[in-house]
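Structure record follows, encoded as structure tokens.
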């Protein structure tokens, strides 16, 4: 009794930990750095981003203040693909030494520079910076005082407005930055660790007396000697030709109770948890209810059917058989385009393996948010190594269909899906190149991707194919007739197109709430770090895909239609159609994209995502139906 109780307690504890992990459990990802008073803190600059154009640009694509020499930071594969360009900057602080009105530089823009700044302000570009691996955020206090502060990544390049009494719209630049560095102090060693990096941007038309002298100029609008600081943008700096712009900054240091290991929590707890919980629980309850109904119907119906078939004794009764047993001589007949089905199933297995392992790593906290591009790098490498299972799955199925050329099927499995994705990707990348964006993937990275594909993935698919083909072929539970049986005319609701499209609704319904958060994270530059939720949704998706395919497959066989191979794949795979339709709806209702290139980028990437979702869900449905048909036909006595 005690052991059973302790097992139950352990199971409950694990489940609660998983749900707690759904919030934002992660490992720090990098070693902490201790700073003593007076240590140099070097701010790095990252890309300029906009949710209106989705085209990132490097910080120095605008004529901002530059250090003596621009140095690029080493970046991983995921960072390069995301368009990150991390470089040094002229902003250098001293640990725990506040600074006021530090002048960075000044310049007088020409017509070309003014045009550049105005374009970036129009498109609502944000400037991203990094200090001690923490991204710069702008704190925004909600009107409801009890609500936690919301953080937005980066500050706007500038803003649009007009002077009092004038209707003419003007452009103003954020040229004064009030930084706040939060630190957690170790009481024993007097060292401190950085736990927060915030900024309040201002637009200030700086003034000074006399002529400009880089070292000795004293500003009248902002002076550390008279403790005159910038607290508002009442006299803003306009972006106009031959109007001098002076860039300045303040730094204040605040001691914080937040420990270094949990410094990312404020960034990650951005979304409204209650909505998220309610949505997930709602989705879970609906799917569990449907699962219960489906399981009950299937068990009762099948149990009755198998008992009835096994009790048929006389020849007369046997001749009067109707339903799924009648097609036993055709149900395992190889489908049309069986080679293509093998390729798609193999690719689906590769996807399933990649997503499952990524999810497990993420839930356990290994994909730290501090490791920018880590998720994308992990997924790419896992995709490459899962080629082993893709080759194995496609070769096993191919041999069952009496195929003999395993090398051909392995090559097609290794090349088909990546070739389609690469074709779309190259077109999109060319468009990004044309816009001179930092989001364009450089040739060196392209070469690395091609090497991963042909140097590692393709050989692994062949190894998997060789192992899979060497294994004895799966035996069918019943013999296949030489002459195919004629399929009777089907009812309107058993029409292939109709039943396939109906089958995709349930799997999509299980994930569409989470899909909203994922799309918001990708296209609106917000953090997404609730992998516990995502893992639960992934499990719900697997169960739903399997159950809906089994039910529709059973109805299909009962109406004496034995062409189930492709239909089982397409039934759950059709949820990708709804995913793409939802992405289109999201584009028109939530995004403010107006540029043609940006729209093409959005739909190009969502097309790739929908195609991947089709392959994944189709494979889950196929294997569920494959297991189901083998199970029911091996359970009945066939004369």
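Just so you know, the numbers here start at 1 and follow the chain as drawn.
Every residue gets a Cβ built from N, Cα and C, even glycine.
The annotation signal peptide is assigned in TrEMBL to 1-24.
Annotation source TrEMBL lists transmembrane segment at 277-299 (among others).
What TrEMBL records for 341-367 (among others) is transmembrane segment.
Positions annotated as transmembrane segment by TrEMBL: 373-393 (among others). For the transmembrane segment (373-393), the residues of the chain that approach it from at least six positions outside its boundaries are 29, 75-82, 84, 345-347, 349-351, 353-354, 357-358, 361-362, 367, 410, 413-414, 449, 452-453, 456-458, 460-468, judged by C-beta separation under 8 angstroms.
Marked as transmembrane segment by TrEMBL: 414-434 (among others).
As annotated by TrEMBL, transmembrane segment applies to 446-469 (among others).
Taken from TrEMBL, the feature transmembrane segment covers 490-523 (among others).
According to TrEMBL, the feature transmembrane segment maps to 529-557 (among others).
According to TrEMBL, the feature transmembrane segment maps to 569-588 (among others). For the transmembrane segment (569-588), same-chain residues at least 6 beyond its ends with a Cβ under 8 Å from one of its own Cβ atoms are 341, 344-345, 499-501, 503-508, 512, 515-516, 519, 523, 545-546, 548-549, 552-553, 599, 602-603, 606-607, 609-611, 613-615, 617-622, 624.
Packing against the transmembrane segment (600-628) from elsewhere in the chain are residues 54-55, 341, 344-345, 347-349, 351-352, 355, 417, 420-421, 424-425, 427-428, 431-432, 503-504, 507, 523, 541-542, 545-550, 553-554, 564-565, 568-577, 579-580, 583-584, 587, 591, 593: each is 6 or more residues past its ends and has a CB under 8 Å from a CB in it. Residues or ranges marked as transmembrane segment in TrEMBL: 600-628 (among others).
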Taking residues 6+ outside the transmembrane segment (414-434), which of them lie with a CB under 8 Å of any CB in it?
55, 343, 347, 387, 390-391, 440-441, 453, 457-458, 461-462, 597, 600-601, 604-605, 607-608, 611-612, 615
Give residue numbers and ranges for long-range contacts of the transmembrane segment (490-523): same chain, 6 or more residues beyond its ends, CB-CB under 8 A.
51, 54, 271, 276, 279-280, 282-283, 286-287, 290, 530, 533-534, 537, 540-541, 544-545, 547-549, 552, 555-556, 559, 561, 567, 570-579, 582-583, 586, 590-591, 602, 617, 621
Same chain only, please: residues at least 6 beyond the ends of the transmembrane segment (341-367) with a C-beta under 8 Å from a C-beta of the stretch. Say none if there are none.
18, 21, 25-27, 335, 374-375, 378-379, 382-383, 386-387, 389-395, 397-398, 401, 403, 409, 412-413, 416-417, 461, 531-532, 534-535, 538, 565-566, 569, 612, 615-616, 618-620, 622-623
